[in-house]
Every structure is written in structure tokens, then in C-alpha cells.
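Note sheet for the following structure.
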Amino acid sequence: NAISWTALISGYVSNGRLEQAIRSIAWMQQEGFRPDVVTVATVLPVCGELRALKHGKEIHAYTVKNWFLPNVSLTTSLMIMYSKCAVLEYSVKLFDGMDQRNVISWTAMIDSYVENGHLIESVDVFRSMQLSKHRPDSVAMGRMLSICDPLLAKEIFDYASRQPGFRHSYASYIILILKLGRSNYFSQVDNLLIRLKSDHFPVTPTLFTYLIRIYAEVNKPDKALKTFHTMLEFSCIPLPKHLNRILEIAVSHRNYLRPAFDLFKKAHRYGVLPNTKSYNILMRAFCFNGDLSVAYQLFNQMFKRDVVPDIESYRVLMQGLCRKSQVNTAIDLFEDMLNKGYVPDSLSYTTLLNSLCRKKKLREAYKLLCRMKVKGCNPDIVHYNTVILGICREERAMDACKVLEDMEANGCLPNLVSYRTLVGGLCDQGLLDEAKKYMVEMLSKGFAPHFSISHSLIKGFCNVGRIEEACGVLGEVLKY
């Protein structure tokens, strides 16, 4: 019977088999059963989703022929179907012809205009709805607040607030607060937060997560810091992730490093316990600021507070020490890291290698490079190139040749930077034959030397009267 067919069609719709649902209408009629209002109402949304305008029109004609109209619910479904099929004029005609409307039909008309890009008309319908006996519900209000510019949205919000018996939903508050925040209307945001509190809504941490993100986007560290206390005013205990994001925003501005540190120190009073990331954020900031002693204090404090440092904790402090040319202390910290069972990451090794080379501790740098694989971190091209550059700076280019050979033996192929650095170093020492050898190897691998490198080699040969070799180098370079 018709009820069974309707149940079958509903099953198809629930399982996403929309085309079968539409075809079932035809099969139903072929079997001699007439679709009723419920069946039609079930299939119309499917026509809209599939943009099946032809089938939608046939069902519309069927409803007229069988006197199913006027019916508010059915007319609303037809409006939505035509809107999804981008035939807005049919939706408008149906809406204008309705003798009776409800909140759903008003909202459907607003949505129809919005989906088809007619925002001004959607606002007009919303205003008409406000003047009708049907007051906008939270769905219609949320829709309008989403599409309007911030100040118009605020005007609509305030107008609705003045209507007798109307109460905004929590979602409407959230939409408007975030919209105003993204447009830098922060005083309006503060006023809305006060109203939200006075309306006794249970505020979730998600709202403040979004607000903190907005303050980061618009570069407002003072607002971000204030958000921590605002959360407490709403009896909403900040999570460590909120604290960390606020700290990140604040420390990115040098003038807010101390306020961020103050917040960090007193966070535990409010039940917010800083975690490893919290310490890392502040340690990094103090290292960049040159306050290495404070960063060290924070590092030692982690062990006292039962906060477990991670690889980043050690790396941040090692980087700070290396910036202050305290490479021996950085190496000691590195050894402590290994003794505690940590496996240093690639960036930690890069930091130490670069610092050792700059301090002309080339033997220690090479030893560290050799230890990497044993300690669970395979050296990559950056590590090798760092050591090659450091050795060449000290005019020990032949030692750099050995590093290049080690690279290939360990499965790390030299790149353009490797060859360019090595050839340049050999030329600077007058080792022209070795430089030529590596430049030919470089060219054979498809790497084009920088003009300065080929120029150094050609000039070097010319200076010692080896004009033919200079011409040969020029010829090789021109080939590529």
C-alpha cells in the first residue's frame, strides 16, 4: 500500500540512495498506488539535493492536480526544492502566494535568497518577518547574523532583543561576537560578553578559543592576556592549551614578555597547570631576548614541578647557549640529554654543528657528525654542508673533501651547495687541480656552478700562467 511505498522511499533517502527514491515514485504509480502528501514531502528534498528540476516540476504539478495545496509545509518544501535548483523566481512566487506562513517558511525564503546570492533581498524578508506575527527563531537569527556585515548584524541583534518575549540563543551570541571581533569592533565584543553573562548562558571554552585566535590574527596581545581573566569571570577554567596560545601571542611582542611571564607564574592559582609546551614557549622567548639565566631557571624548574622536558626543551636552551657563544655549555647539555635517554632531533644537531664550526672547533664538529648515526639520527645534507662550510672557512678544504666522500658513503648525495662550497674553498687555497676535478664532477651530475665559482677557478689558472686549463674550464662551463 501507499504507506509501505512511503516507508521504502524514506529508507532509500536515509541510506543516501536518492536516485532510487525518485524512481520509486514512478514505480509506485505504475503499481496503481497514489503518492500522498507524506510521500511527496519525502521526495521533494531529494529533488533539491540532486538538482532534479524536471522531477521536481512533475511532483509540483501532481500536488496541484491532486489538490494537495495550499499546504504550508508542502509549499515550503517546494520553495526549498526550487531554490536548490537555482530557480529562485518559482520560490518567490510560491512564497508570495502563501495565505498562511510559519517561521519555517519565512526562514526558507531567507535561505533561498542567501543561497542564490541575493543578500539584500534576504535582509528585506527578515525585516518583514520581524514585523509579522511570526518572530524569527534562533535558526533565522543565526542565518541573518552570518550573512550581514558586522554593524548591520549588531543592529538586527539589538532590534530582536527589544521584542517582547524574545531571547537570543547562545549560537547567535557566538556568531555576532566572532563577526565583530574579526572586524576589530572589540568594544562591541566586550559589551556582548557582558550581556552574555547577564543572560546567564553557560559559556563553553570554545568561544574563548576562537576569541584568542582572533586576537592573534589582529595582533592584540593585550586582549589575548585579558581573555584568561575573562574566562575566569565566566566560571570557565582555562585549559593549558588556552594558556599556551595566550603565551605565544604575548611573547611574540617584546613588551609583553614580562606580562606573559607573570601570567605563567600565577596560572596555577586558578587551577591551570603549565605543561611542557608552556615552559618551552617562555624559554624560547627569554633566549631570544638574551635572558639566558631566566631560561635556565625555567628549565631547572621543570624538574622540580614534575614537568617532563622534551627534545624541544633541550634544543631551545642549546640554541640560546649557542647564540651566546657558550658552545661548551651547550655540548654539556647535549650530553645530559643523551644520558637521560633522549634522541636529539635533526635541528639540535644542526644548531651544535653550526656553533662548533663558528667557534673553529672543527675536530669536535666532525666527531659529532660521525656520532649522529650511532645516536639514532642519520646526518642529512644540511649537517654535511654545515661542516664542509666550517672546514673551508678555516682553509682546510682537503679535509672538506673527505667529508664529501663520507657523505656519499653514507648514502647522502652532495648537492649544488656542497660542491659550490668545496670548489670555492679549494680555489681560495690555490688547489686548482682538485677544484677542477670537483667542478667537472659537479657538472657531470647536472649542477651548474655559480658564476663566482667558475670565475675563481678560471682566474686562478690564469694567475699561474695555465691559460689552456683556464680555457678548458670555460669550455666545460659553456657546455652546460
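Cβ coordinates are placed from backbone N, Cα and C, and glycine is handled just like the others.
Predicted automatically and left uncurated, TrEMBL annotations should be read as such.
A Cβ distance under 8 Å defines the sequence-distant neighbours of the repeat 'PPR' (1-35), meaning residues of its chain 6+ beyond its ends; these are 42-43, 45-47, 49-50, 52, 55, 59, 62, 66. Residues annotated as repeat 'PPR' in TrEMBL: 1-35 (among others).
Taken from TrEMBL, the feature repeat 'PPR' covers 102-136 (among others). Taking Cβ pairs closer than 8 Å, the repeat 'PPR' (102-136) reaches residues 72-73, 75-76, 79-80, 82-84, 86, 88, 91-92, 95, 143-144, 147-148, 152, 156, 159-160, 163, 165-166 in its own chain, all 6 or more past its ends.
Among residues of the same chain six or more beyond the repeat 'PPR' (204-238), those with a C-beta under 8 A of the stretch's C-beta atoms are 174, 177-178, 181-182, 184, 186, 189, 193, 197, 245-246, 248-250, 252-253, 256, 259-260, 263, 267, 270-272. What TrEMBL lists as repeat 'PPR' is 204-238 (among others).
Remote same-chain residues near the repeat 'PPR' (275-309) are listed as 240, 243-244, 247-248, 251, 254, 257, 260-261, 264, 267, 316-317, 319-321, 323-324, 326 (criterion: CB distance under 8 Å, separation of at least six residues from the stretch ends). What TrEMBL records for 275-309 (among others) is repeat 'PPR'.
Remote same-chain partners of the repeat 'PPR' (310-344), defined as residues 6 or more beyond its termini with a Cβ less than 8 Å from a stretch Cβ, comprise 276, 279-280, 283-284, 286-288, 290, 292, 295-296, 299, 302, 351-352, 354-356, 359, 361, 364, 375-377. Summarising the annotation, TrEMBL assigns repeat 'PPR' to 310-344 (among others).
The repeat 'PPR' feature in TrEMBL is assigned to 345-379 (among others). When pLDDT is averaged over the repeat 'PPR' (345-379), the result is 92.
Annotated repeat 'PPR' per TrEMBL: 380-414 (among others), in sequence order. Sequence-distant contacts of the repeat 'PPR' (380-414), counting only residues of its own chain at least 6 positions beyond either end whose CB sits under 8 Å from a CB of the stretch, comprise 346, 349-350, 353-354, 356-358, 360, 362, 365-366, 369, 372-373, 421-422, 424-426, 428-429, 431, 434, 438.
Look at TrEMBL and you will find 415-449 (among others) tagged as repeat 'PPR'. Residues 381, 384-385, 388-389, 391-393, 395, 397-398, 400-401, 404, 407, 456-457, 460-461, 464, 466, 469, 473, 476-477, 479-480 of the same chain, all 6+ positions outside the repeat 'PPR' (415-449), place their C-beta atoms under 8 angstroms from a C-beta of that stretch.
Under DSSP, the residues of the repeat 'PPR' (1-35) split into helix, strand and coil as follows: 26 helix, 0 strand, 9 coil.
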